[in-house]
Amino acid sequence: MALLISLPGGTPAMAQILLLLSSACLHAGNSERSNRKNGFGVNQPESCSGVQGGSIDIPFSFYFPWKLAKDPQMSIAWRWKDFHGEFIYNSSLPFIHEHFKGRLILNWTQGQTSGVLRILNLKESDQTRYFGRVFLQTTEGIQFWQSIPGTQLNVTNATCTPTTLPSTTAATSAHTQNDITEVKSANIGGLDLQTTVGLATAAAVFLVGVLGLIVFLWWKRRRQGQKTKAEIPAREPLETSEKHESVGHEGQCMDPKENPKDNNIVYASISLSSPTSPGTAPNLPVHGNPQEETVYSIVKAK
């Protein structure tokens with residue numbers, strides 16, 4: 001294919017430059033069509049950005065025209081800095097570059113054609129270009145290829161803040177401080193109210209419990225007192241009756257004085273004893289003697 005360019009009054013040097021540019025464009029287009037026709041490649045974003053100390057995900061996907069073997073043994077590798085740079089990760093070994101120890105995670109499963117490379121705890125030195133590379137076993141043998149442009153990673157400083165006017169910043173800070181103070185005051189007031197209500201409730205419950213205990217003890221003591229008073233009168237008649245029966249028994253057992261008849265005078269002795277009727281209360285001696293005797297005499301005339 002030839003391209004004819006004619007420039008009126010132009011120089012041969014200018015014509016040669018235009019021819020070179022045209023041939024380069026045609027070559028690039030043919031190369032792209034050839035890759036699409038062959039059907040293999042790695043897709044990655046052109047660039048991505050992250051914050052220092054944070055994390056970043058670099059997504060990737062790949063495609064190919066070959067038929068996979070029974071055991072394709074797929075593996076993913078990554079390079080950095082340039083197309084032929086050092087390997088920083090290899091899933092088949094596995095291998096992680098010393099610079100990325102504990103900071104690389106490959107979210108990819110065997111057999112899948114897409115995944116994500118995650119870089120943790122970003123550093124300023126991580127800012128460079130990254131290239132994904134694919135290995136797999138096909139019916140035609142081992143095939144491998146990688147991304148040509150790669151992905152440019154940009155790392156920004158976490159301390160970077162947008163510039164603002166001092167007056168605006170001061171006013172905003174003062175307003176924010178006032179809002180925070182008001183919120184804290186509101187929270188403290190609400191907390192005091194809740195505490196007061198809780199203490200009042202606890203005090204009321206405590207007083208009710210104490211009053212209930214006092215009433216219970218008073219009722220129990222009163223009940224015991226009534227029971228004691230009821231038992232004492234029941235015991236006193238029984239003890240008095242037993243005492244009187246003892247006294248009466250002694251009176252009945254006492255033999256009257258037998259005075260012999262002397263000069264036609266008959267002496268008789270009467271002693272007090274318990275009554276014949278058990279229902280009648282006995283009469284206690286008036287004096288301190290346990291038993292009183294009365295002597296009567298009768299004179300008989302002949």
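Glycine is treated like the rest: Cβ placed from N, Cα and C.
Keep in mind that this is a model prediction, so the values were computed, not measured.
Per Swiss-Prot, compositional bias 'Basic and acidic residues' is recorded for 228-248.
Per Swiss-Prot, N-linked glycosylation site is recorded for Asn90 (among others), and the stated evidence type is sequence analysis. Cβ neighbours within 10 Å of Asn90 (N-linked glycosylation site), excluding its own Cβ and spanning all shown chains: 18.
The feature N-linked glycosylation site is assigned by Swiss-Prot to Asn107 (among others), with sequence analysis given as support. Counting every protein chain shown, the number of other Cβ atoms lying within 10 Å of the Cβ of Asn107 (N-linked glycosylation site) is 12.
Look at Swiss-Prot and you will find 228-293 tagged as region 'Disordered'.
Positions annotated as motif 'ITIM motif 2' by Swiss-Prot: 294-299.
Positions annotated as topological domain 'Extracellular' by Swiss-Prot, on the basis of sequence analysis: 32-198.
Mean pLDDT for the topological domain 'Cytoplasmic' (220-302) in the predicted structure: 56. Annotated topological domain 'Cytoplasmic' per Swiss-Prot: 220-302, in sequence order.
The transmembrane segment annotation in Swiss-Prot covers 199-219 and rests on sequence analysis.
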